[in-house]
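Take a look at the structure set out below.
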Amino acid sequence: MTLAADERVAPVGPARRLLIRPELGAVVGLVVVFAFFAVQSPVFRSPDGIANWLDPAATLGIMAVAVALLMIGGEFDLSAGVLTGTSGLILVTLATRYGFNVWLAMLVGLVVALGVGYANGLIVTRTRLPSFIVTLGTFLMLQGVNLGVTKAITGTVQVSGLRRASGFEGANALLAGTIQIGGTSFRVAILWWILVTAVATWVLMRSRAGNWIFAVGGNEQAARAVGVPAARTKIALFMTTAFAAWLVGSILALRYTSVQANIGIGQEFIYIIAAVIGGCLLTGGYGSAIGAALGAVIFGMADKGIVFLGWDADWFMFFLGAMLLLATLANRLVRRYAEEVKH
Amino acid sequence: MILETRGIGKSFGSVLALREVSMGVEAGRVTCVLGDNGAGKSTLIKILAGVHQHDTGELLVDGKEVRFAGPRDALDRGIATVYQDLAMIPLMSVWRNFFLGSEPRKGLAFDVARARKVAREELRAMGIDIRDVDQPVGTLSGGERQSVAIARAVYFGARVLILDEPTSALGVKQAGVVLRYIARARDRGLGVVFITHNPHHAYPVGDRFLLLNRGTSLGEYGKADITTEELTALMAGGAELEALAHELERE
């Protein structure tokens, strides 16, 4: 068997090895999109321009990376977008209406967010219902709570005035400040995004938990049969997504010092799209954190690039859909090509 | 006897899936479990593997009565199961699959370098020549997948290896390869439980043969007490087969 098999296997070169990486589609997309905007707009390729489009990439990227881990683990979280709003609303409401210190208000927000993530994970693993449905339920419930509670407390659909709360300066500097690099000021969120991506990549590729994440997404029953704690892994993934939502919600609340009650709605699909562009399979078991981070950069570029070129911002949505289709097709072609070689 | 059942039984609601089945597994011996579809083979191995708990009878490990809390419990006692369809995760590499659930650690991290090296060495020691341990398991042939799963169980110190229909989806040559690995695991001192519905696969490697029919045992035979033909006849329910032969002749 083995002798015959050896003869039938073509040598696999380094180029083909590279093609097997899930990030490939995102890297190609990144280069193409960057070239497209950079050629036409000098501002886009200037350090200030780069700082400008890295900013939306960072907040989206933190979420996309967490969502990518969850998708590799075989689940979706549609409540992730609204949860950023919930976390921000809790922070601003407690700090401005109930006299909480900003740090303490953030801690409460974290506990609530992790609680929602835990509930999502528990319901999905206990009932074996599709996470798409379960988190759609939490999504709608949170959307209602965000609006209902905000209206009941403030009489309007936003809470504001975080700047006057105690502890604001420190928290703002840590999560929403800027840093100077070579005369250009970059948002601190970019550092958090890089940190989250690095940690997520390490966990995926170099930790036992990473092996479990790929396994529960690839074939949950098989994973369980060899002793992988499948339910715990999935619950931890939902809580990771919730943690990311809390981080992003807090960053945005501290930056703008006010939160709209309807913030984050619709974002959940953008996270998923960024993760898919980054090479995640919708069916789970395959993907990359770096890919998702790169997918977020593509969005950041398009978001700001369209403005730099003076186009109508409505075109962003068209671009979003086109990128998703292209990336999915490219990923499929690449994967097929890579697997054909291996047979 | 490493593993033994005495009059074991299991029911699901009103269905009696298994009744009064007794069998034993010795070190360095192969116990074959034979039976047609619906004979209770899967229920029996799921009890042995800790997936299901038995309702009646006794389950003994090293002569002591036990009740497994789950698959992990059975694994910790040295009872490893290789399932036919869910032995491996196709999108993951060979070495990731090899160590899944029992990853070697280096500090907090998964010791990736060691995992790769050990996987390559262990596969070679079992005589399995995998081209590249980085390739996804999905690109291996069915026989190769079974072989990797067997090598994995052997490496992790399994004393009893339960193989669920490892040859049934394979061609003649591939089945032969898997049978060779079963013999090699046996020679390394493991007790093997080999579930199959093919007497021609069971007879050459088997030492004892447990026959199941409609959830109950038709008896456990030593190799000296039975021939391939008798095995086949018993499995199909001898009388029924003769009647069928008559019927077909007349047409």
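Every residue gets a Cβ built from N, Cα and C, even glycine.
Model, not experiment: these values are computed from the prediction.
What TrEMBL records for A:24-44, A:50-71, A:78-96, A:102-123, A:188-205, A:235-257, A:269-295, A:315-334 is transmembrane segment.
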Do any residues of this chain, six or more beyond the ends of the transmembrane segment (A:188-205), have a C-beta under 8 angstroms from a C-beta of it, and if so which?
54-55, 57-59, 61-62, 65-66, 68-69, 72, 173-179, 213-214, 244, 247, 251, 288-290, 292-293, 296
Six or more residues out from either end of the transmembrane segment (A:235-257), which same-chain residues have a Cβ under 8 Å from its Cβ atoms?
59, 62-63, 65-67, 69-70, 73, 75, 77, 80-81, 83-89, 91-92, 102, 106, 109-110, 113-114, 116-118, 120-122, 124-125, 160-163, 168, 171-172, 175-176, 189, 192, 196, 209, 213, 263-264
Against which stretches of its own chain does the transmembrane segment (A:315-334) lie, if we need a Cβ under 8 Å and a gap of at least six residues from its ends?
19-20, 22, 24-26, 28-29, 33, 270, 273, 276-277, 279, 295, 298-299, 302-303, 306
Do any residues of this chain, six or more beyond the ends of the transmembrane segment (A:50-71), have a C-beta under 8 angstroms from a C-beta of it, and if so which?
44, 77, 80-81, 84, 184-187, 189-190, 192-193, 196-197, 200, 203-204, 213, 217, 237-238, 240-241, 243-245, 247-248, 251-252, 267, 270-272, 274-276, 278, 280-282, 284, 287-289, 291-293, 295-297, 299-301, 303-305
Residue numbers, six or more beyond the limits of the transmembrane segment (A:24-44), whose CB comes under 8 Å of its CB atoms:
18, 53, 277-279, 291-292, 294-295, 297-298, 301-302, 304-305, 308-309, 323, 326-327, 330-331, 334
